[in-house]
Amino acid sequence: MGGERQHYYGKHGTPQKYDPTFKGPIYNRGCTDVICCVFLLLAIVGYVAVGIIAWTHGDPRKVIYPTDSRGQFCGQKGTKNANKPYLFYFNIVKCASPLVLLEFQCPTPQICVEKCPNRYLTYLSARSSPDFEYYKQFCVPGFQNNKAAAEVLRDGDCPPVLIPSTPLAQRCFPAIHAHKGVLMVGNATTYDDGDGVRKNITELVEGAKKANGVLEARQLAMRIFEDYTVSWYWIVIGLVIAMLMSLLFIVLLRFLAGIMVWVMIVMVILVLGYGIFHCYMEYARLRGEAGSDISLVDLGFQTDLRVYLHLRQTWMAFMIILSILEVIIILLLIFLRKRILIAIALIKEASRAVGYVMCSLLYPLVTFFLLCLCIAYWASTAVFLSTSNEAVYKIFGDANTCPLNGKTCNPETFPSANESRLCPGAHCQFAFYGGESAYHQALLGLQIFNAFMFFWLANFVLALGQVTLAGAFASYYWALHKPDDLPAFPLFSSFSRALRYHTGSLAFGALILAIVQIIRVMLEYLDQRLKAADNKFAKFLMTCLKCCFWCLEKFIRFLNRNAYIMIAIYGTNFCTSAKNAFFLLMRNIIRVAVLDKVTDFLFLLGKLLIVGSVGILAFFFFTHRIRIIQDTAPPLNYYWVPILTVIIGSYLIAHGFFSVYGMCVDTLFLCFLEDLERNDGSAERPYFMSSNLKKLLNKTNKKLAES
């Protein structure tokens, strides 16, 4: 047995030896991973330079305002199109061309108009009628009616047909009711394109049908926006309730950890049980109602999600899902009931640690603020980079007869240039924003650098928070006489140590994770590009790569988290800390697999309890089943909008509070394993763990036992 134990430790490092001078996080430490610190500072300087360059060349108006065929903004104040806020497409059917996906511009003339068309007209019918003055406002600016009808349509001076349209994102799209109008007005079914070819008007009808989904999405978005405008204050109240419940839960854990854990388990089971009961009651209530037996497959996707709540199959699906969750939780509790006692002891110890370092509950706000800065800088830089191109004009014509189709051109000289003679009927119009300078050619690389720096800085901020909390909680564990030996301001001391000595180590760990994340982003991009290709081997290979890098990211996150705890305690560099943490966990793999994951499971139950309670309260309130004083819920288009918002927000709030607890438990767990390896309970080497942990593990300090 002794040989096997030595062989096991040989594979997984050497156990920590007793050090009489070790009393917790080391204060006399040096800077670690200085090279990575220098690289991070240089990268930040470069990132700032990229932002300055982007802000100098970028123009966010290109995202906000649509542009016509000459690259001029629609509805922009100070321009000749100031009173023309909408973009009108001559032939919206061509927007389905693959060219749109490549260059984000429809290969059809586009002009800025004051209003979208509200009637059906063809050019041939309007040309000899009083409606022609109305029709002319949808022709190119400066149009003079001095050409034959065939020449006008050939040169793209006017659209061949007008269809009633509605504005969406300042662009005119065919209205939903336009189909019947196109088919019925004047019994017209064809129009002349100017080349003597009679084309079926149903081509435009199909284009209108393709716009239906977009318009329905617009209506859905508008209704959701209306719901937010009338219910936002109730949503805020729900989030405040979630925050108070999370804070109350943590305060109660400080004094009643064991009772609260069992109450939490029972409450989660009861909440799921009530959910099952409610689903069954709704399922039984709908029995016999007309249309309630329609299957979800037959109904298909509906933008009004309330329709699904009138189907028995929907409530049956909810009931099955909740029943499966209920059974899984009960089985896990049955098989892990003995380990739950040890997990409760760890949570009690974490409760005491958080109680003595109460300001740690506010630190997630610092992390949230820094992450918001990273996100804001990344998003603004990405927008300015994407809008720093120049207007590029290309020749749009028949690909079969025009050899210069797709070539760049100058719209001012194109009518008299040789290109117009080589490509009769072609147009020189705005295609996209780009450029041929070195800066424009480097835009893709700058965007990748922008995304990479966002990942790096965001992971650095998270790492800083983990090291700060780990250092504060480690100070609590290694204080022999708690809280007398606890240093003053442990959180601030840990934060200053992390920035002063270990910026390089944090940057190193964040860099490794950022590289894996940017590779995953590139794989997702390639996967989207390969979806159109029918190559099964490529899809299989891409799926394998995505799975491998997902697992790699999860492992690196786990390793980094424990490495940061070691950095906070011993002040070693990243590689040494990661190695020591990994070997320490491997030497105690059973405890890691059971105790650590049981506490994670219990914290998950706590989040579910808070989210479930607030979610049920929001459900009863927004469905008018309860009233708060005399106020009732506002009338809503979709009551699930505020309910989902409250549920998601409650989970994020609960996760922020429990993340502090999770870091505390992980830190105390590693310190606990170190304590078992360093000390033996003798007078010279006493255990630093709490009396509850010593009692559960049958450990004692001999000096205390004798006294």
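Any Cβ shown, glycine's included, is placed from N, Cα and C.
What you are looking at is a predicted structure, and each value in this text was computed from that prediction instead of being measured.
Taken from TrEMBL, the feature transmembrane segment applies to 34-55, 232-252, 259-277, 315-336, 356-379, 453-480, 501-523, 564-586, 601-624, 636-658.
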Query - Beyond the flanks of the transmembrane segment (564-586) by at least 6 residues, Cβ under 8 Å - result: 12-13, 16, 24-26, 29-30, 32-33, 36, 463, 466-468, 470-471, 474, 494, 497-498, 501-502, 504-506, 508-509, 592, 666-667, 670-671, 673-674, 677
Query raised in the report: Do the transmembrane segment (34-55) and the transmembrane segment (453-480) share at least 3 Cβ pairs under 8 Å, sequence separation 6 or more?
Result: yes
**Report entry** Contact check, the transmembrane segment (259-277) vs the transmembrane segment (453-480), 3+ Cβ pairs under 8 Å, seq sep 6+
**Finding:** no
Query raised in the report: Which one of these stretches, 232-252, 453-480, 601-624, has the most C-beta pairs shorter than 8 Å to the transmembrane segment (315-336)?
Result: 601-624
Requested in this report: With a Cβ cut-off under 8 Å, give me the same-chain residues at least six positions beyond the ends of the transmembrane segment (453-480) that come close to it.
Outcome: 22-25, 40, 43-44, 47, 349-350, 352-353, 356-357, 360, 363-364, 366-367, 370-371, 374-375, 377-378, 486-487, 490-491, 493-495, 497-499, 502, 506-507, 509-511, 513-514, 517-518, 560-561, 564-565, 567-569, 660, 663-664, 666-668, 671-672, 675, 686, 688-689
